[in-house]
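According to TrEMBL, the protein has these features:
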- 11-68: domain 'Complex 1 LYR protein' (DOMAIN)
Amino acid sequence: MAVASVPLRAEVLSLLRSLLKTARKFGDYNIREYARRRAVDGFRENKELLDPSAIAAAFAEGTSQLEVAKRQASVYTLYAPSAKSVMEIIIIHFGNTGRVVMIATA
């Protein structure tokens, strides 16, 4: 059995950046935020790992999750809903009156 080497700090940060970049590719707000939150939570959860084999296993799991997220993002763009989520609609109010002046999508 081959022992996986411990990834460098730069490689771990690169994996996090790649996961966050892939999360931004999702068109739907809810899925985009879920993917971002899952990536950040996973890194926070494994922040205190000291065992080299556990670190290598967590890095390998993150790398496989990145590949899954990339595939899902590309598939999701093919079948994404055409309507925006309520969270993506920007409503601008006029002063304290609460009148809606403009409704735009993000």
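First residue shown is number 1, and so on along the chain.
Using the three backbone atoms N, Cα and C, a Cβ is placed for every residue, glycine included.
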The domain 'Complex 1 LYR protein' (11-68) - residue tally per DSSP class, helix then strand then coil:
47 helix, 0 strand, 11 coil
Mean pLDDT, the domain 'Complex 1 LYR protein' (11-68)?
94
